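Each remark here refers to the structure printed beneath this line.
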Amino acid sequence: GMISIFLYFHPSLFEVPSCVNTVSVKIYNPTYVCQNFKSKTKGANCSSKTEVACSGKCPCRTNCVCPKIYFPVCGRDGKTYGNKCMAICGKVPVDCMGKCPCSSHCYCTKDYKPVKVGVACNGNCPCPPPCVCTKEYDPVCGKDNKTYGNKCMAGCAKVGIACNGKCPCPPPCVCTKEYVPVCGTDRKTYGNKCMAGCAQVGIACNGKCPCPPPCVCTEEYAPVCGTDKRTYGNKCTAGCVKVGIACNGKCPCPPPCVCTLEYAPVCGTDSKTYGNKCAAGCAKVGIACNGKCPCPPPCVCTKEYAPVCGTDKKTYGNKCVAGCAKVGIACNGKCPCPPPCICTKEYVPVCGTDKKTYDNKCVAGCAKVGIACNGKCPCPPPCVCTKEYAPVCGTDKKTYGNKCVAGCAKVGIACNGKCPCPPPCLCTKEYVPVCGTDKKTYGNKCMAGCAKVEIACNGKCPCPPPCLCTKEYAPVCGTDKTTYGNKCMAGCAKIDIKCKGKCPCKEDCVCTAHYDPVCGKDKKTYGNACVASCHKVGVACKGKCPCKPPCICTLEKAPVCGKDGKTYGNKCQAGCHKVGVACNGKCPCKPPCICTLEHAPVCGKDGKTYGNKCQAGCQKVPIACQGNCPCKSYSNCICTKEHKPVCGIDGNTYGNKCQADCKHVLVACHGTCPCHHNCHDCLSEGMQQVCGTDHFTYINSCFAECQGKKVQCKSKCPCPKSCTCTKDYKPVCGENGKSYLNSCLAGCANVGISCNHKCPCGYDCHKCSSAGMHPVCASHGETFINKCFAACGQHGQATIQCEGPCPCKL
């Protein structure tokens with residue numbers, strides 16, 4: 001029987017009947033109806049390589065090309081043909097000229113009997129053929145503004161064609177120069193659809209000619225939803241229009257089924273193994289058993305009731321029943337289990353009353369065991385001390401009655417006296433020996449000072465006998481640039497004499513030959529400011545004498561940054577110094593915001609789409625998400641179902657920290673809302689960075705404790721392992737207002753860092769408290785409460801990577 005096949009090419013084209021090697025088909029592109037078939041169609045599946053042999057029903061006729069001249073003839077089959085060529089193409093002999101039926105045959109003799117004949121045409125025979133056109137109505141407008149039935153009729157009248165269609169002609173067709181080529185039904189390539197339309201030509205396909213062969217699909221109805229959100233009859237139909245498949249079934253597709261990558265295999269009722277229960281649910285398959293397929297034979301247990309709580313938070317009759325379900329045991333007894341006892345991994349061993357050693361007191365408490373003594377088991381015999389009160393401060397920062405009591409507690413002594421110990425006295429290792437009044441040699445003056453010993457003399461002990469000099473005043477300048485009363489006094493100090501007279505020596509005044517004249521206050525011109533200074537003359541003005549009258553400006557405060565990198569009160573003041581203005585405002589000038597043309601769109605928090613991150617940054621707009629606005633939901637942020645609730649600073653409870661991070665919400669405290677201790681209160685304590693036990697740097701100790709972390713040290717992470725520091729010069733300012741050579745030395749002094757440069761700090765971090773809780777992640781991966789704290793902690797040089805806590809989720 002016949003097989004119905006659809007050849008899809010373009011839905012906007014009409015269908016025509018065609019023949020495909022004895023198979024009748026419908027083709028959605030008349031351009032290709034005359035292509036040759038090479039393969040045959042078998043069964044219900046049509047080969048994609050099948051080609052069209054001809055238009056119309058089978059069998060096909062041979063290809064025959066004839067002119068459009070209408071000069072009818074009558075064929076031997078009794079049918080009228082347009083001209084002799086068409087009859088021959090139909091393989092029909094011509095019976096007579098003219099329309100059917102033919103008249104009776106005329107027989108003539110060869111007798112010479114001339115007759116009068118009318119004139120057929122002027123000129124020599126043969127006469128030119130008459131101008132014959134078909135009656136096809138395809139009107140055109142001639143250049144004489146008259147409508148002709150078709151192009152042939154206009155040609156017979158020897159009139160050029162102004163346009164297709166009836167007169168008058170429409171206004172000229174205007175198209176853009178955009179190059180999006182299409183192939184017309186006339187097999188010509190047009191620049192775009194508009195140009196094809198102007199030529200009144202249908203579109204065969206998108207792209208240059210020739211069009212690809214038609215796509216053949218069966219009529220099987222197995223609907224799929226394409227990536228263009230349209231429903232197609234089957235996958236083949238979607239493939240023909242080069243559209244990907246979003247899902248099986250009609251549009252719209254159901255929301256995606258998202259599962260974690262957790263591998264907890266289950267066997268489905270379809271006898272297939274799935275990665276976890278969620279994956280089986282997405283496939284809409286029931287669970288036959290936990291574990292890989294095939295399922296084991298049924299598990300047999302006794303009815304003994306000794307309830308246990310499984311890791312799936314369900315109560316099982318006994319351990320056997322839980323084992324049959326392949327569920328681990330969370331605790332003995334019914335669900336829910338009591339809250340877990342959480343301890344740190346800190347190793348401070350204690351001996352329990354059960355004579356077992358526990359890692360720390362917390363672990364012993366979780367086991368509900370009392371502490372017999374500190375340290376490993378067995379406990380030592382009791383430590384007996386006198387009641388003498390000679391307090392010492394232990395390394396655990398606790399005060400003990402005397403050294404014996406501290407020793408019994410196995411605690412080292414940090415210093416004599418009550419806690420806290422005074423800050424350690426830090427000195428460099430520079431060796432410039434001095435002799436103390438206690439007749440001991442110290443490495444330098446600082447070390448003697450730390451020992452609270454006065455200096456008897458410079459150099460090693462013993463000190464030389466005193467050097468006696470007269471009181472004669474004949475000043476000399478030593479090589480240490482100090483003025484001595486006379487040569488003897490300089491000699492006693494073991495200092496060489498550089499010149500006679502008070503310091504500085506005249507020969508110390510060395511200037512370059514650079515000529516930058518200045519006028520001195522003595523109204524003399526000097527080669528440069530250095531030369532004037534050597535003559536101990538102040539500079540009245542730049543340039544040669546005499547000085548010009550002073551440049552007078554108003555006190556208007558409109559600061560500008562000069563091209564010399566200095567800030568001037570206003571443009572006038574910069575002009576007085578003959579300095580051009582680099583930019584308005586104080587120095588330094590901000591660099592121009594220059595971005596590339598890279599197209600990597602981002603959506604700003606103002607709801608506008610920017611070309612890339614740089615362009616958003618230039619407008620000072622924080623980035624909400626990657627891609628065009630509006631932002632998508634947080635469906636791509638996948639977290640486990642672990643139940644460790646946290647309270648966000650927005651006052652909402654989240655299942656775990658991951659879920660809060662997905663919403664870019666900073667955790668206010670662990671547990672459900674409301675928090676017993678509000679992290680907002682920590683803002684009032686200002687910027688005093690500390691390192692938590694989780695090895696993250698926090699704004700201050702309050703904020704670390706609020707996050708449920710203990711303070712490891714009062715400095716940025718990582719904490720120094722010991723108080724052995726290098727002489728690396730990277731000054732910091734401590735919370736006590738003192739400058740330290742580097743952060744390591746500040747940490748050794750147990751002093752927090754206020755800013756990363758010498759004291760005083762230029763930024764008052766206490767002012768940042770008013771900016772509220774708007775966490776940001778700095779470029780070096782550190783989370784700050786708000787932008788103000790980020791700038792304060794980095795001396796104004798912080799670069800914000802994203803809004804919200806680190807790490808960034810962009």
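Every residue gets a Cβ built from N, Cα and C, even glycine.
Database features (TrEMBL):
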DOMAIN    48-101  domain 'Kazal-like'
DOMAIN    126-168  domain 'Kazal-like'
DOMAIN    169-210  domain 'Kazal-like'
DOMAIN    211-251  domain 'Kazal-like'
DOMAIN    252-294  domain 'Kazal-like'
DOMAIN    336-378  domain 'Kazal-like'
DOMAIN    379-419  domain 'Kazal-like'
DOMAIN    463-504  domain 'Kazal-like'
DOMAIN    505-545  domain 'Kazal-like'
DOMAIN    589-629  domain 'Kazal-like'
DOMAIN    707-763  domain 'Kazal-like'
DOMAIN    764-807  domain 'Kazal-like'
### Summary
With the cut-off at Cβ under 8 Å and a gap of six or more residues from its ends, the chain residues touching the domain 'Kazal-like' (463-504) are 435, 456-457
### Task
Calculate the per-residue pLDDT averaged over the domain 'Kazal-like' (589-629) and state the result as an integer.
76
#### Entry: Sequence-remote partners of the domain 'Kazal-like' (505-545) [C-beta within less than 8 Å, at least six residues beyond its ends]
477, 498-499
### Summary
Checked against DSSP, the composition of the domain 'Kazal-like' (707-763) is 6 helix, 11 strand, 40 coil
### Task
Helix, strand, coil: count each for the residues of the domain 'Kazal-like' (126-168), based on DSSP.
6 helix, 9 strand, 28 coil
### Task
For the domain 'Kazal-like' (336-378), give the DSSP counts of helix residues, strand residues and coil residues.
6 helix, 9 strand, 28 coil
### Message
Can you break down the domain 'Kazal-like' (211-251) into helix, strand and coil residue counts using DSSP?
### Response
6 helix, 12 strand, 23 coil
#### Entry: Summary of DSSP states over the domain 'Kazal-like' (169-210), given as helix, strand and coil counts
6 helix, 9 strand, 27 coil
